[in-house]
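Here's the feature list from TrEMBL:
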type: BINDING; residues: 8-13, ASP33, ARG38, 86-90, 127-128, GLU161, 272-275, ARG342; note: NAD(+) binding site
type: ACT_SITE; residues: CYS272; note: active site, nucleophile
type: DOMAIN; residues: 328-452; note: domain 'UDP-glucose/GDP-mannose dehydrogenase C-terminal'
Amino acid sequence: MVKICCIGAGYVGGPTMAVIALKCPSIEVAVVDISVSRINAWNSDQLPIYEPGLDGVVKQCRGKNLFFSTDVEKHVSEADIVFVSVNTPTKTQGLGAGKAADLTYWESAARVIADVSKSDKIVVEKSTVPVKTAEAIEKILTHNSKGIKFQILSNPEFLAEGTAIQDLFNPDRVLIGGRETPEGQKAVKALKDVYAHWVPEDRILTTNLWSAELSKLAANAFLAQRISSVNAMSALCEATGANVSQVAFAVGTDSRIGPKFLNASVGFGGSCFQKDILNLVYICECNGLPEVAEYWKQVIKINDYQKSRFVNRVVASMFNTVSNKKIAVLGFAFKKDTGDTRETPAIDVCKGLLGDKARLSIYDPQVTEDQIQRDLTMNKFDWDHPLHLQPMSPTTVKQVSVVWDAYEATKDAHGVCILTEWDEFKTLDYQRIYDNMQKPAFVFDGRNVVDANKLREIGFIVYSIGKPLDPWLKDMPAVA
Ligand code: NAI
């Protein structure tokens, strides 16, 4: 029986391994992590991450051919194929701080593999890593290997949170990069055979190692760039009276461009886009390509601009001050159908409003108060470290309350900011919300989910990103 071990039981390691276990009953899969609380949660009824469909997949295989454990050494030593899916945060100190990927966790995983292995292994990079990481890992493994042979493969993950299980069941492509030697190609074939249990052969792409590593960074940079492009247009739409939804539809019907990822919003978030672009920028700089680095940096700058532009709209509309005003924040996760708040634009928007002394009442159907308080007090990039290594912050932001209901959040508020596109925000009873708010009552829709015209009929002053402005907002300064 082929044995797979995955180091890192996070948003990627957990779902990918659960799907491999489901689709390959003849393979035994162990997911290991240094975080005891995470592994305990994977072994309980309350999984550590919320992802539609994940529960069902885990329940079908757990205890049969899918195991979650903190015994990293045992499962690594027994495995034929070891996936590494640990955090690769942005460095906060030293060379490349603020841009380069911190490979501390990757390196320690590689050292464990070298230390405990007693048989040849295929080591698969699942984490997103800088191009040429495989070479560094190869060096660590071969220098410590006591004659054991390792083949390194790059198999970046393209799943999107919120649709991870669907994406894994039916991927656009699976990408496998390996050495172009007979041993390298043999390893590529072994991993291909795993995916071939359910992925059609023509969707399993094989490349050299460096192409696979770089393709992941490139794909995320292209996706984020589309969002920054449409968001840049949204500012121009507001200035000219064009409607960004109409512009995006007209642009997206061009088959060369395509309709996806063209929704204007308060900005992109998630654990990957910013981190991976910063990493790409750093790699370009290290390779003497400052113009290319500058080009990609601009994608992040527009994203930051979009968030501060939103905050400025809120403050400017409300008589240039939100000091001591209650503002309801609906949605904190970086997108719907996930509880993940990593790099969510809500953090920057909330910090911006708190900077202007607002009182915030936050509601998100999947995010806990503890998480929101951590996010609002944590330093940039500290979030991307294993839980037990994150700074403990006993301080809470007093001007923030977290409630479990949109009506409670909006009661007596002066304004409502919609920051995540949860479906339930489309069908709220906005008349009831209006009746219980201070007047004039404002709605700032950072995701374009509400019917602005209906809300205006009720009496709200509405700001929708990239849409023709309410007369109220027209004369207000809004540029960041
Ligand atoms: P995560 O933070 O949810 O999970 C990483 C896990 O690795 C943590 O539970 C941590 O405790 C564990 N870990 C760290 N060092 C370890 C070690 N030495 N031994 C054992 N366990 C260790 O991170 P996530 O989101 O799963 O991301 C993992 C990688 O996948 C990152 O490189 C990320 O860029 C990439 N990725 C993430 C995607 C996403 O949607 N979250 C999508 C595609 C790629």
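Glycine residues also receive a Cβ, built from the backbone N, Cα and C atoms like all the rest.
Note that this is a predicted model, so its numbers are computed, not measured.
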Among the recorded positions listed here, THR90, GLU161, CYS272, which has the most company in the form of other Cβ atoms within 10 Å of its Cβ?
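Compared across THR90, GLU161, CYS272, the most Cβ atoms within 10 Å surround CYS272.
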Would you count the other CB atoms within 10 A of the CB of TYR11 (NAD(+) binding site), including those on all shown protein chains?
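The answer is 22.
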I'd like to know which of the recorded positions listed (GLY8, TYR11, ASN87, GLU161, CYS272, GLN274) lie near ligand 1, counting only a CB under 6 Å away.
GLY8, TYR11, ASN87, GLU161, CYS272
Taking the Cα atoms as reference points, how far is CYS272 (active site, nucleophile) from ASP33 (NAD(+) binding site) in Å?
20
Could you give the number of helix, strand and coil residues in the domain 'UDP-glucose/GDP-mannose dehydrogenase C-terminal' (328-452) as assigned by DSSP?
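Helix, strand, coil within the domain 'UDP-glucose/GDP-mannose dehydrogenase C-terminal' (328-452): 38 helix, 19 strand, 68 coil.
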Would you mind pulling the DSSP three-state label for THR90 (NAD(+) binding site)?
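In three-state terms, THR90 (NAD(+) binding site) counts as strand.
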